[in-house]
Amino acid sequence: MADLSENLRLIKYACLQTTIGPSLLCDICVFIYLIRHWRKEIVKSPQNHVILCVLTVSFIEKMTDAIFSLYFFRWGIAILQTETFCTVWTWLNYSLLTVNLMLIAWCCIERHLFIFHSLRMKRKLYLILFHYLPLLLCLCYTPTLYVVLIFFPSSCNNTWDYTYPYCGSPCYPFIPLWGTYDWLAHYALPISIISLANLFLFVRVVWQRTKQGRPVEWNRQKRMIIQLVFISALYLLLITPEVIVGVIEALWSPTFALDVQLNYFFYITNFVHQLLPFIIISSLPKLHKELKQSFQRIRRVYPLEATNGREQTNLTRDATNGKVI
């Protein structure tokens with residue numbers, strides 16, 4: 001049984017190790033692209049702000065939480081065996097996942113505003129109320145709440161086990177009120193919003209194109225719609241199983257599918273952050289063009305060096321053969 005557990009842990013390590021490098025490379029490519037075109041993609045395109053925040057949170061996760069997880073899956077113990085580290089690690093894991101969930105949920109709502117009420121969203125007041133304030137709330141709410149619940153629990157004491165991922169669990173989920181509220185408000189609600197908002201967006205686009213005779217300006221809005229659909233599909237596919245089991249455990253049966261939840265569903269959510277930059281980079285056609293041009297320049301340089309190297313080798317061989325003759 002111990003060998004099976006160790007083999008599973010090493011498989012998890014290999015899968016995470018294989019994806020984290022390419023994912024970080026995609027992050028860097030997108031960041032460089034956004035910096036180079038910051039005026040057009042950031043200043044003049046507020047609809048990209050939430051995607052930038054999601055990508056930044058994902059990048060922070062890969063540089064912190066994912067590194068700690070890699071060490072654990074390789075060696076079977078936390079990288080630092082201290083209560084402070086376990087508290088920070090757990091806070092990072094909980095905060096980064098829920099922040100991105102809430103950002104994507106708000107993005108689904110916000111896309112409706114930018115697509116169907118684009119003129120209003122150009123007004124400063126509407127941007128403040130329906131863009132910047134919700135964005136700030138999504139970024140600050142759960143990290144602040146988890147500071148209170150994880151760092152300063154008032155009605156329980158955290159007990160950490162360094163041989164478990166994230167050193168086990170903080171104590172607050174075992175308090176029925178907080179555990180239920182956490183699963184419903186921070187996981188089930190965002191997943192529900194993502195599902196319903198995408199369904200409503202599809203219905204609304206079809207309805208406007210067929211019934212009202214006022215088609216959405218597809219050429220201008222298709223990038224936002226396609227990008228949203230693929231990001232939402234990623235979150236729904238990888239996080240929904242964990243959320244369903246977690247809600248059932250919180251409301252009805254605390255031991256429902258517990259082994260599957262701990263061994264698989266919690267682990268699968270790591271790949272949300274790993275796969276996210278691939279989806280974002282696929283929705284930036286100008287970045288595709290720049291990358292293609294860069295690869296073409298590299299191919300023009302290296303084949304020339306290879307050709308020169310082969311010519312030099314042939315000359316050396318000819319000279320050697322001449323001396324032999």
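Every residue gets a Cβ built from N, Cα and C, even glycine.
What TrEMBL says about a protein is an automatic prediction, not a curated fact.
Residues or ranges marked as transmembrane segment by TrEMBL: 20-38, 50-71, 91-109, 129-152, 187-207, 228-252, 264-284. Annotation source TrEMBL lists domain 'G-protein coupled receptors family 1 profile' at 26-280.
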*asked:* Checking distant contacts: for the transmembrane segment (20-38), what same-chain residues at least six beyond its ends satisfy Cβ-Cβ under 8 A?
replied: 48, 52, 55, 58-59, 62, 66, 70, 273-278, 280-281, 284, 286-287, 290-291
_Intrachain residues whose Cβ lies under 8 Å of the transmembrane segment (228-252), provided they are six or more past its termini_ = 51, 54, 100-101, 104, 107-108, 111, 176, 179-180, 182-184, 187-188, 191, 194-195, 197-198, 201, 258, 260-261, 265-266, 268-269, 271-272, 275-276, 279-280, 282-283
*What stretch in 50-71, 91-109, 129-152, 187-207 has the biggest tally of Cβ pairs under 8 Å against the transmembrane segment (264-284)?*
50-71
*asked:* At a C-beta cut-off of under 8 Å, are there same-chain residues at least 6 beyond the transmembrane segment (91-109) that contact it? List them, or none.
replied: 50-51, 53-54, 57-58, 60-61, 64-65, 134-135, 138-139, 141-143, 146-147, 150-151, 166, 186-187, 189-191, 193-194, 197-198, 201, 228, 231-232, 235, 239, 269, 272-273
